[in-house]
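Asker: Below is the structure I would like to discuss, written out as C-alpha cells.
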Amino acid sequence: MLKLENVSKNFGGLPALSDVSFEVPQGLVTALIGPNGAGKSTLINCTTGVLQPSKGTVSFQQKKITALPAHQVARLGIARTFQNLKLFPRLTVLDNVLTGLTCEGGSSMLMAMLRLPYLRHRERQLKLRAMEALDRFSLSDKADWPAGILAYGDKKRVELARATVSQPDLLLLDEPVAGLNAEETAEVGEQLRLLRSAGHTMLLVEHDMDLVMEIADQVVVLDSGKCIATGTPEEVRRNPLVLEAYLGRMEATA
Amino acid sequence: MTGKQKILYFITLHRTGLWVTALSLLLLLFPLVEDNPYTLGITNLIAIYSIVVLGLNLFIGYAGQISLGHAAFFGLGAYGSAIATVNFSVNPWLAMVIVAVLVALVALLIGIPILRLSGHYLAMATLGMNFVFHTILLQWDEVTGGPSGFSGIPSLSIGEYEFWDEVSLHYLIWTFAMLALLFSLNLVRSGVGRGLAALAGDETAAAALGVNTRNAKVKVFVLSAIFASFAGSLFAHTYSFVSPDSFDIFAATDMVIMVVIGGMGSIWGSLFGAALITLLPEWMDLFETYKDFVHGGILVLVLMFLPQGLVTGLIDIGKTKLALRRQKDAEA
Ligand SMILES: Nc1ncnc2c1ncn2[C@@H]1O[C@H](COP(=O)(O)OP(=O)(O)O)[C@@H](O)[C@H]1O
Ligand SMILES: [Mg+2]
C-alpha cells in the first residue's frame, strides 16, 4: 500500500536517512523500531509531505506522492500523529477531534459564511462521529474542555482520536504510548488492536517492545538512518544485527 | 426533559443566534432612546471600525498571521468610492461593489507573494505596504487631493431616501456591521473555520490534517481586505470627506490594537475592541493628546500579560477554572 524506495534525507549534509526501502502492506500493522535518533520521525515526516526526501520515492497505492505537499497527502487518506503532540490547545477537545475531519468538510469559505442548511446538517453528522471517536478513547466527558489543560495521557489519546476519526486508509503513529502509564498504555494498546482487527493499515513507531511484538505483523528496524532488518517480529527478534544495534543496547541500559 | 431543561437546551443550542438577535434588537431601538447626533456619530464610527476589525481578526486570530497594513485596504475602499462617485459619477452602491472587487484583486496580488513571509517579516512587509499607500495618497494630489483631502463625496441613497443624518446612517452602517458579524460567526463555526483555527494553532499539524495552509492564508487575507474596503466606502459616504490621516500607519496599528483588545480569534471581542479604542478619547481628554502613547501602552501590557488578547485571555482563564472545578466536583 505504502512503498518507500531508496529514501534518503540529509539535514545540512548530515544524513538522517540513507537509502531506506520497505513496503507497508495493506491491512497489516508494520512496526518501525530503532534507537533514538535512528530517523523514525524523519521517515514519517518524509512520507507525509512535512519534509521532502533528498532522494528516493514514496508511493501510496501505486501513486507517487514524493513531491506532494502535506495537505494533499492527507487528502489521499493518510493520517498521522506527532511524537511531540501537536494539539490545538485553545480549541476544545471536541473541536480538536473535528479538525481530523477537515478533508470531509467539503465547503468553500463563501458557503461557510452563509451557513446554508445543508452545512448545518453535515456539521451535526461530523459532530456525532467526533463524539463516537471520543467515546472510544473514553474522553467524552471532557469534550468541551480546552485541550491545552488536559493531562499528558489524555492529550495523547485526543491526538489518536483526531487521527482515527476519519477512518484513514493508512495511519502513521509516532510513538503513541510514549510517556503513558501502564493503565493508559493498555487502553491505547486495546484501541490499536481494535483498529488492526478492523483491517486498518498502520505504520507504528514504538519503543514498547511488548506492544510491538504483540500487534505487529511486520517489523522494520532502522539504525543511524539505515534499514538494517525487515521481517516478522520473531525473525527480527532473533536477528543478530538487531540484537546488536537495538535490543542489545536496550538491555545494556536496562 | 422538563420544560425548563428544554428551554435551557434551546438556549445553549441557539445561543449565537440569540445573541445576534438580541444585539440587533438593541441597535434597532437605540436611536429611539439616544438621538444625540454626536453620540450616534461615535457609535457609527464604532460600527465602521468593527467591520474592519472583524475581518482583520479572522486574519490574525484564525489564519494566525499579522497585518500592520489594513488601513491601506480601508483607505482604498474610501478613496475608491470617493473617486468613482465624484470623478466618474458612478452610482455609490455600484461603486462600493466594484471597489471591493478591485481591492480583493489587489489583496490577492499582494497576498500571494508576501504571505510566504511570516512573523516579523510579514509585519514589516504589511507596514511597508501601508506606508507606500499613505505616501501615494499624499503625493498624487491631482487624484487624491493630497494632504488637504478629498471632499464632496455624495451620500448613499435608496430612491429619494438619503442616508445623511446620524439616525439613518446608524441603521445603514449597523446593518453592514451586523452582516459582517454574522458572516464571521458563521465562518468560524464551520469546518472551514476550524481549519483556520488549526492553521493559527500549528501550521504543520493543520497541513497534516488536510488544510491547504498557503491557500487559506491568502483567502482570509483577501476576505479581510474586502471587509475593510466596504468599511472604507461607508466611511467616505458617512463623512463626505476623506483625508490621508485616517489611513496612515497609526490607523493601521490602531486596528491591530482593537483586535488585540478584543482577543485573537474572538469575534464578539472584535466589537468590544473597536468600541473601547474608539471611545477612550471621548472619555478622557488626556487621551486625545497622548493617544498613540496610550494605545501603545495598552498593546504592550495586554501582550505581556494576556498574549491571546484581553477578552479571549480572560475567557480562557475562566474556561480553564470551570473545567478544573467540574473535574474536582466529579471526583468528590
Ligand atoms: N529538522 C531537523 N533539522 C536537523 N536535524 C534533524 C531534524 N530532524 C531530525 N534531525 C536529526 O535527524 C536524526 C534523526 O532524528 P529523528 O527522525 O527524530 O529520530 P527518531 O525519531 O528515530 O528518534 C537525528 O540525528 C536528528 O538530530
Ligand atoms: Mg522520533
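Cβ from N, Cα, C; glycine included.
Sharing the features that TrEMBL gives for it:
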TRANSMEM  B:7-32  transmembrane segment
TRANSMEM  B:38-60  transmembrane segment
TRANSMEM  B:67-87  transmembrane segment
TRANSMEM  B:93-114  transmembrane segment
TRANSMEM  B:121-140  transmembrane segment
TRANSMEM  B:171-188  transmembrane segment
TRANSMEM  B:220-243  transmembrane segment
TRANSMEM  B:255-281  transmembrane segment
TRANSMEM  B:293-315  transmembrane segment
Asker: Output the single range from B:67-87, B:93-114, B:121-140, B:220-243 maximising the number of Cβ pairs under 8 Å to the transmembrane segment (B:38-60).
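Answerer: Checked against B:67-87, B:93-114, B:121-140, B:220-243; highest Cβ contact count belongs to B:220-243.
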Asker: Can you work out which residues elsewhere in the same chain, 6+ from the ends of the transmembrane segment (B:220-243), have a Cβ less than 8 Å from its Cβ atoms?
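Answerer: Contacts with the transmembrane segment (B:220-243): 44, 48-49, 51-52, 54-56, 58-59, 62-63, 65, 67, 70, 73-82, 92, 95-96, 99-100, 103-104, 106-108, 111, 115, 145, 147-156, 163, 169, 172-173, 176, 180, 196.
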Asker: So which of B:7-32, B:67-87, B:171-188, B:255-281 has the most C-beta pairs under 8 Å when paired with the transmembrane segment (B:121-140)?
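Answerer: Top-ranked stretch among B:7-32, B:67-87, B:171-188, B:255-281: B:67-87.
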Asker: So are the transmembrane segment (B:171-188) and the transmembrane segment (B:7-32) touching or not, going by 3+ C-beta pairs under 8 A with a sequence gap of 6 or more?
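Answerer: Yes; at least 3 Cβ pairs under 8 Å.
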Asker: Report, as numbers and ranges, which residues of the same chain sit near the transmembrane segment (B:93-114): CB under 8 Å and 6 or more residues beyond its ends.
Answerer: 73, 76-77, 80-81, 84-85, 122, 125-126, 129, 156, 217-218, 221-222, 224-226, 228-230, 232-234
